[in-house]
Amino acid sequence: MDAAINNQKKTGMAMWFPLLVVCFAQVGTSGDNSVLSMSTNEFIFQLNATMNQVQLANIVYSLLAGALMVFGGMLGIAKGFKQVFMAGAALCAAGEALAVISPNMDILIWGARSLTGFGAALMIPSVLGIIVSLYEGKERAVAFGGVGAATGVAAVVMPIGAGIIMDASGYQAAFSTMSGWFVLVFVAAWRIIPEIKPAQMRVDYVGTVMASLGLLAFIIGCSKVSEWGLIEPMSAPFTVMGMSPALPLAILGIAIMVVTMIVEKKIEKKHGAALIPQSFIKTRQVRNGLYVTGLIFAVFGSAFFVTLSWIMVVAGLGGAATGVAMATMAAPMIVFSLGIPKKYSYWSPRMVILASTAAVCTGALSMAYSLQADGFDPMFMYVGLLLLGCGQGGYASQSAMIVASALNPRDAAQSGGIQCSTRNVWQAAGVAIIGAVLLFSSTSLYKSSIEQSDVAPIVKTYVADTPVHGFMSNQALLEKLTQAGADMPQAEAALSIYKEVRIESAQYAFWALALFVLLHVPGFMGIPTQGWTQKP
């Protein structure tokens, strides 16, 4: 509270300098993901990487960050958010630097990506803790909106910037740039963010281990559904009673988290503090705010999973079209994240969330309607992306404030960790659900349509014997069919059927996204109807 009072004594832009620092950190973590995603080919050619190793490099960061963010939030309370934030920035800088000099994929995965993931787990929860500690009232709402806007800015700017650097100088230059970025964040935090006094509390290491294991199991299980299969095993490394291990692993994660909640209740009663305070679980407004927090990233991840696949694989468009799609969704997200708390903080939070939900669902339906056999209708696609961006911006303008305003100052500051972990869990679940709908509907619909058609027997045999018919381009399917022995007219007849199936399965995915969002509406009824400020 003293830090907030001292910060608010500053005038003009000076009061917002700490916010700029934490927003730069938020953008930096998104930049790291962009650089890694674009480095696939260079890893293969320069480090002799396999696709499994590239995928593992992506997963290690996400797993560590997602599993340890709750711990990062508590550590910030106990040791001071500024110190923990700076430690996270230093680890991220070291991880990016190690990626530059890694001689092989093992060091890049287990050294560089582990350091960066652990750094993000410390730094990102501290972002929200610093905001709660330094800002109050309307300024806090604006600051939370600024962090949401930073996510939108990163979605547009960082992939473009990473692509330019990598095209000119390679992945080492891109990772060097990211290392320098986090060094600047470290120095800026040291000079600009005021000291935030830590609370006298015991760090809950038992809860940290249990929660981390639960989150790891759940996130791995969800993220592997499309690869390992949901029930019937596909490319699974092992089976559980003849089933794919993905669903049992996710269920195990949920079970561990349930046990963790029981243990945490006893720890808080005994020591007065826990990794997951009871106020997070028992306060309806907090739970509702966490639903909103999770939806931001679930919608973002799911929509781009389907949309970018369609734009690049089906329509055959490149980076420019991808950038336009990102900008179309990110621009309104930035405007609404900042604009609503800045100009309309007196609006009912519940009204904003329900209106945002309507925008997201309408956007998903518009995008479903836009799909065509070899592309999409630009008007319906981009209107849909625009509506999705408006909805996510509305969510981002309110989510953190809904959570923080229902808690005491200590728990509000600690809530950054649980909010960040909620983002990871919801994104993993959302992408897994939408991806499973896309994958399994395309497989079942294609097999059934081919069986009922009059295509050549060799095509029917190939389609029936192939376990999964995933999302693929026209050329990829033609190659598979001709390799199986079909001639070109036979393959083209099967392709014609697949084009219809591809549209239908992608539409199911967008409808599933709308349904996924609508199922959260009963969980919004505990959100306040009174605005954060009085109408002027």
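Any Cβ shown, glycine's included, is placed from N, Cα and C.
Per TrEMBL, domain 'Major facilitator superfamily (MFS) profile' is recorded for 18-482.
Taken from TrEMBL, the feature transmembrane segment covers 55-77 (among others).
The transmembrane segment feature in TrEMBL is assigned to 84-101 (among others). Non-local neighbours of the transmembrane segment (84-101) in the same chain are 22, 25, 28-29, 32, 72, 75-76, 107-108, 111-124, 126-127, 130, 172, 175-176, 178-183, 185-186, 189-190, 193; each lies 6+ residues outside the stretch with a CB under 8 Å from one of its CB atoms.
If you look up TrEMBL, you'll see 107-135 (among others) marked as transmembrane segment.
As annotated by TrEMBL, transmembrane segment applies to 142-165 (among others). Nonlocal intrachain contacts for the transmembrane segment (142-165), taken as residues 6+ away from its ends with a CB within less than 8 angstroms of a stretch CB, comprise 16, 19, 22-24, 26-27, 30-31, 34-35, 37-38, 127-128, 131, 134-135, 173-174, 177, 296, 300, 319, 322-323, 326-327, 329-331, 333-334, 337-342, 345, 389, 392-393, 395-397, 399-401, 404.
The transmembrane segment annotation in TrEMBL covers 171-193 (among others).
Outside the transmembrane segment (205-226), and at least 6 residues removed from its termini, the chain residues within Cβ reach (under 8 Å) are 59, 62-63, 66-68, 70-71, 74, 244-257, 259-260, 263-264, 267, 274-276, 421, 424-425, 428-429, 431-432, 435-436, 439, 470. Positions annotated as transmembrane segment by TrEMBL: 205-226 (among others).
The feature transmembrane segment is assigned by TrEMBL to 246-263 (among others). The list of residues near the transmembrane segment (246-263) in space but at least 6 beyond its ends in sequence, with Cβ under 8 angstroms from a Cβ of it, reads 206-207, 210-211, 213-222, 224-225, 228-231, 236, 240, 276, 281, 432.
The transmembrane segment annotation in TrEMBL covers 290-313 (among others).
Long-range Cβ contacts of the transmembrane segment (319-340) within its own chain (Cβ-Cβ under 8 Å, at least 6 residues beyond either end) map to 142, 145-146, 148-149, 151-153, 155-156, 159-160, 163, 300, 303-304, 307-308, 311-312, 347, 352, 381-382, 385-386, 388-390, 392-394, 396-398. Sequence annotations record features per position, and here TrEMBL assigns transmembrane segment to 319-340 (among others).
The transmembrane segment annotation in TrEMBL covers 352-373 (among others).
Residues annotated as transmembrane segment in TrEMBL: 379-404 (among others).
Annotation comment: TrEMBL describes 425-446 (among others) as transmembrane segment. Remote same-chain partners of the transmembrane segment (425-446), defined as residues 6 or more beyond its termini with a Cβ less than 8 Å from a stretch Cβ, comprise 66, 215, 218-219, 222-223, 225-226, 230, 250, 293-295, 297-302, 305-306, 463, 467-471, 497-498, 501-502, 504-506, 508-509, 512-513, 516.
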Counting Cβ pairs under 8 Å to the transmembrane segment (107-135), which of 55-77, 290-313, 379-404 comes out on top?
-> 55-77
Mind checking which residues of the chain, 6+ beyond the ends of the transmembrane segment (290-313), have their Cβ under 8 Å from one of its Cβ atoms?
-> 148, 151, 155, 280, 321-322, 325-326, 329, 353, 360, 364, 367, 371, 376, 381, 385, 388, 391-392, 395-396, 398-400, 402-403, 418-419, 422-427, 429-431, 433-435, 438, 471-473, 506, 509-510, 513, 516-517, 520, 523-524, 527
Let me know the model's mean pLDDT on the domain 'Major facilitator superfamily (MFS) profile' (18-482).
-> 86
Residue numbers, six or more beyond the limits of the transmembrane segment (379-404), whose CB comes under 8 Å of its CB atoms = 128, 131-132, 140-141, 144-145, 147-149, 151-152, 285-286, 288-290, 292-293, 295-296, 299-300, 303, 307, 324-325, 328-341, 349, 352-353, 355-360, 362-370, 412, 415, 419, 527-528, 532
